[in-house]
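Below is one structure; the comments refer to it alone.
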Amino acid sequence: MEHIQGAWKTISNGFGLKDAVFDGSSCISPTIVQQFGYQRRASDDGKLTDSSKTSNTIRVFLPNKQRTVVNVRNGMSLHDCLMKALKVRGLQPECCAVFRLLQEHKGKKARLDWNTDAASLIGEELQVDFLDHVPLTTHNFARKTFLKLAFCDICQKFLLNGFRCQTCGYKFHEHCSTKVPTMCVDWSNIRQLLLFPNSTASDSGVPAPPSFTMRRMRESVSRMPASSQHRYSTPHAFTFNTSSPSSEGSLSQRQRSTSTPNVHMVSTTLPVDSRMIEDAIRSHSESASPSALSSSPNNLSPTGWSQPKTPVPAQRERAPGSGTQEKNKIRPRGQRDSSYYWEIEASEVMLSTRIGSGSFGTVYKGKWHGDVAVKILKVVDPTPEQLQAFRNEVAVLRKTRHVNILLFMGYMTKDNLAIVTQWCEGSSLYKHLHVQETKFQMFQLIDIARQTAQGMDYLHAKNIIHRDMKSNNIFLHEGLTVKIGDFGLATVKSRWSGSQQVEQPTGSVLWMAPEVIRMQDNNPFSFQSDVYSYGIVLYELMTGELPYSHINNRDQIIFMVGRGYASPDLSRLYKNCPKAMKRLVADCVKKVKEERPLFPQILSSIELLQHSLPKINRSASEPSLHRAAHTEDINACTLTTSPRLPVF
């Protein structure tokens, strides 16, 4: 009751409505104002009376031209009295210093410790200022539509349309604007201030305040709101960012705000425990040698996720055993290569049946979330250059999505290099034509040729050269749907000499272009070499047999085709093969690669051919019994055929 009467007297004696009486459990709403130091008005002098001392209150001038009055209880420190008033304004005692205004000396003030007994200051005027070495700026708000998943840093609710500070990254709804902290702080500098108070004080010329102690830091962490312990975004509690200075010693000007929610971290990690942060700080304070300081940034993050992007050379020296600990940690999402998510552990794939082997590897049927095809490549002990080149090509292959392309599902690098693709129940085109001798009709053969050209046109649009185009790598999936496989992978289909990649003739001899056989260029593979191989596939479709079947010597075929002495015999094409298809086969297997058409032209030619094929139109007089509205409308006698009438 005495506190209430004292507060009322204080207000009635001239403090006005702008002053607030603060209790330890009271709370007021902060407002967004321009940031500049508070200046006392001349009218404020002399307003204090002896009633302030009798009411156990202290008048405090705060930054950003704000002021308040707090009640003092016995046993409370200055930190305890002002903590609530600072917190609701988005301020931290660790960022501020408190001074006692000297009444006998106008304009002078004496610095106080945050641990000072507040009872000894009853009736005094205090002033809270920002520390000189705490970088402060005004907010730079801009309206923003958040297309990616985002949450308000005030109410923690979903945020679509709102505002965002361009400097510190603080984002909020429009109706939450009154609760935004008034100061805009580079929190990476605050981390330096907390962890290296001695160096910071020496640089700025201001002695470090005694409140910067481990006990104060632990108290600040322990007072973290319960809601913020489950989220990584809170403007009222410090999060220790591990962004380190660059080699020039200057901090980045656009550090990511600690108030921005890390949604992917929330879904994959446990809530932040304050004890983890305390242990990290304690381990840092105990390490006094430079080598210990160089390895400490990896341990400062409570989740172990943040890593410096440009580490200084001293940070590369790691303590023994740190490598094994880092292997057990989850790699940070921001630092991961995108191909990381496509790498499959060998223990997750179960190999069953061996399907066959080729010049570049062996294919197995396996189980990995269903049936898959696993091609183990014939690369023994890959060098780091080969492994990196393999990953680079996998990064291209994983972006392929087409109805006529085998779906790439992942890759493996442990023990052996392997590619995992979708499993096709159907057989290859080679098996259909030359083993099972399936009899396709002409329109089916033309449709297979069209789908193959369509898939190759897609690969070339992605700048992927197949290098091994043949009927063995064309699969008929679920009927007559064409799937092209074993494309790309120049790393595997080339010969390596040390760290240098050397091109060599690859693929089966019958489908190799003359310039590939000759190997006169450093890289003879091109879009036209794929067109030649496609022309041989067209020859297989339109003849049902392989080219050069009259030559049994492989070396002779290589010599004659490479020299230009031999070419596929076009007289063996089917008699009912359209003339446009015959011309297309002849154009694709031309000896000069510049004279061969590219796949956009090939695809348009086949599509025109399909439209020009004669079709049997449906007879207008043919009865459509299934279209009848009611079965009783159809006379039953019309459904029975008289034996005297001929049946057509």
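Any Cβ shown, glycine's included, is placed from N, Cα and C.
Swiss-Prot lists zinc finger at one of the ranges 91-137, 138-184, namely 138-184.
In Swiss-Prot, the annotation phosphoserine falls on Ser43, out of Ser43, Ser285, Ser291. Note on Ser246, Ser250, Ser259: Swiss-Prot annotates phosphoserine at Ser259; no matching annotation appears for the rest, which is not proof of its absence.
Cys168 (Zn(2+) 1 binding site) sits 59 Å from Ser471 (phosphoserine), taking the Cα positions as reference.
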